[in-house]
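If you check TrEMBL, you get these features:
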REGION    1-33  region 'Disordered'
TRANSMEM  119-144  transmembrane segment
TRANSMEM  150-170  transmembrane segment
TRANSMEM  222-242  transmembrane segment
TRANSMEM  254-276  transmembrane segment
TRANSMEM  306-325  transmembrane segment
TRANSMEM  337-356  transmembrane segment
TRANSMEM  390-410  transmembrane segment
TRANSMEM  422-441  transmembrane segment
TRANSMEM  461-479  transmembrane segment
TRANSMEM  486-505  transmembrane segment
TRANSMEM  517-548  transmembrane segment
DOMAIN    572-768  domain 'STAS'
REGION    652-674  region 'Disordered'
COMPBIAS  663-673  compositional bias 'Low complexity'
REGION    770-790  region 'Disordered'
């Protein structure tokens, strides 16, 4: 069976191509003479690849972009992209969509009231701030957002991160100095605080240091939170215009799950003091949980029994209704029971009429100003201090929101624009910062309710915001008697879904131990250290696992599967055949600086030829030809020993257990005994151990799985080629990807080794078979007539032995 091979190359045009014969067969297994052209990658690219246009300069790119924007069609597309509501609501069906949006909007609005106040308290801010956030940012997202089902507003993780920042400000200040300069622009400060200044302070202007009241401290925190909100918004807008929507791809699902679960532990810990009615300070970020629980244990004797009873009752009621009723009968309920609002109303009424604050020392929400806040410019004096916190908050809020938006879009079969989402969040935060808001994000619980209640578009958020607006203007002051422990109970029960993520560990361990370790490391660092630093450590560890995975990738030996032009790992697939003298290997990983040395070591080990050791052997033997001759003898020895385990060559001393087998082997024919003697005579000419002798004249590296190669990887490939060249082994590369090819061009690799790169593994093996051993013995010295005569005699003896062994059917089925 044979076919004619034509090696496609610029030096060998089709009319003058070299032809050779390699094993092949037709579909019926009969002999056939088929002309098959083998391509080097460079020849294939020259013949079939399209010409690439010249890259535009920066000025040309700007002109082209400007001309595209000036085009009427592109103007319309750009305008619709910046204002997605024009595209989304162009096909809005009022009769079918509006009723669903009204129901879902009112339902979410009812949830916004208690959750907004509760999460604002988690952020260490007055509860009214949570109501503001349920109105102002929601209106902006309705205009610029691309998701149709997510509910924007307060969320636990962002509230916790804001609380960690604003809680660190000092509780004393210079009345006429720093305090006025930092907070004088905030609208909530204009009346109450300035009226409380003494006449001396107001007239003399002499700074007076004193401890701030709770009300003044709250106003100072609002000012700082608004400043951070403005900075976060600017960062998100810049990231959106720079097309940084891809940043969430670096936050894997195990990382996000471990992070949110760890943050849930912090949220729960921050609410324990309200549930027990304890008065303990809020500690700094580092090891906050350890210090908090230490303070809780120390002050546990001073807990308020009434507060504990109220908290326990609220938690039980919330759990029963949310889990056992709303969740269990979700399919039968048109809208979920608004148990949070019911608990808030009942708690407020009972606290008001029984005077919980005066009679039982239960801490309540306190003053809630009626009406919308007057817009005011945030302070810009301390941006440098909180810039790193703002970046983390901006990315975390975006990651949580856009992942939820993508989930809803996939469920309802539409697409979102991650970069436009970045811009929408940024504009919402900048706008909200003028109205005493802190950064917002999408809530999982409210978004699920809005979707399950039938919400079709963000028009539902308009009805939600309208309901909140009514509360802010009219009903807000009625919640002044609401106990703080009721809001804490709402937060604690809402954390249940986050804590349930712990059960993902068992599944992660089965699927990927790396993902499981990412979850554990992120969770542990977030809990023990703090949220922001724990997230950074989790990201770094996640990147480290990628490097480790690429380093643990092993070079695989590939062999051709019989009757197929497919090369597969011979340790995992059956019916593979080996071509003598040609080794094929694959590397299922990018080749770069982190795994270059590992790749070289594994190649030398798998091929069986370590160039440094092989050069010493070749130097002593005198030539590569002699090295190959003795390597072929090792094949003879290995094959013969495999088929004749009790031959006289290298046979172990018989024991009592093998006595019977040896007795049977004595009945072997005298012809086989003669073969034993001939093999032993041939093998006795070996000068080195089998481990130092491996027959290989070509090595083919399958590069199809190398997604990229850096400059170090290019040097590594060059090193392998040059090292093996010194021992007479020619290295071919096969199936080089386009990105890798461009890198090899840039590093000068292609210019030198262009003829060593083939289009496919099949082409490379066929070309290697056609070349055979060739004339690639750079170390072969000039031999005298006696040496040549001696080598010729040795080769004749080897050919004779191979002929005899082949006739006795004791060799494996391949040509030596």
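Each residue, glycine too, has its Cβ placed from N, Cα and C.
These figures come from a predicted structure and were not determined experimentally.
Restricting the average to the domain 'STAS' (572-768) gives a pLDDT of 77. Beyond the ends of the transmembrane segment (306-325), by six or more residues, the same chain brings 274-277, 333, 336-337, 339-340, 343, 347, 356, 360-363, 483, 485-486, 488-490, 492-493, 496 to within a C-beta distance below 8 angstroms of the stretch. Under the criterion of 3 or more C-beta pairs below 8 Å, with sequence separation of 6 or more, the transmembrane segment (254-276) and the transmembrane segment (422-441) do not qualify as touching, having fewer than 3 such pairs. Taking every listed stretch (119-144, 222-242, 390-410, 461-479) in turn, the largest tally of C-beta pairs under 8 A with the transmembrane segment (337-356) is reached by 461-479.
The list of residues near the transmembrane segment (119-144) in space but at least 6 beyond its ends in sequence, with Cβ under 8 angstroms from a Cβ of it, reads 82-85, 109, 112-113, 152-156, 159-160, 162-163, 166-167, 218, 221-222, 225, 267, 270-271, 274, 282, 365-366, 368-369, 372-373, 420, 423-425, 427-429, 431-432, 435-438, 440, 458-459, 461-462, 464-465, 468-469, 471-472, 476, 479, 482, 484, 487-488, 491. Counting same-chain residues at least six beyond the ends of the transmembrane segment (517-548), those with a Cβ under 8 angstroms from any Cβ of the stretch are 157, 160-161, 164, 250-252, 254-255, 257-259, 261-263, 265-266, 285-290, 388-389, 392, 396, 504-505, 508, 594. Three or more CB pairs closer than 8 A are found between the transmembrane segment (422-441) and the transmembrane segment (222-242), so contact between the two stretches is assigned (pairs 6 or more residues apart).
The listed stretches are 390-410, 461-479, 486-505; of these, 390-410 has the most Cβ pairs under 8 Å to the transmembrane segment (222-242).
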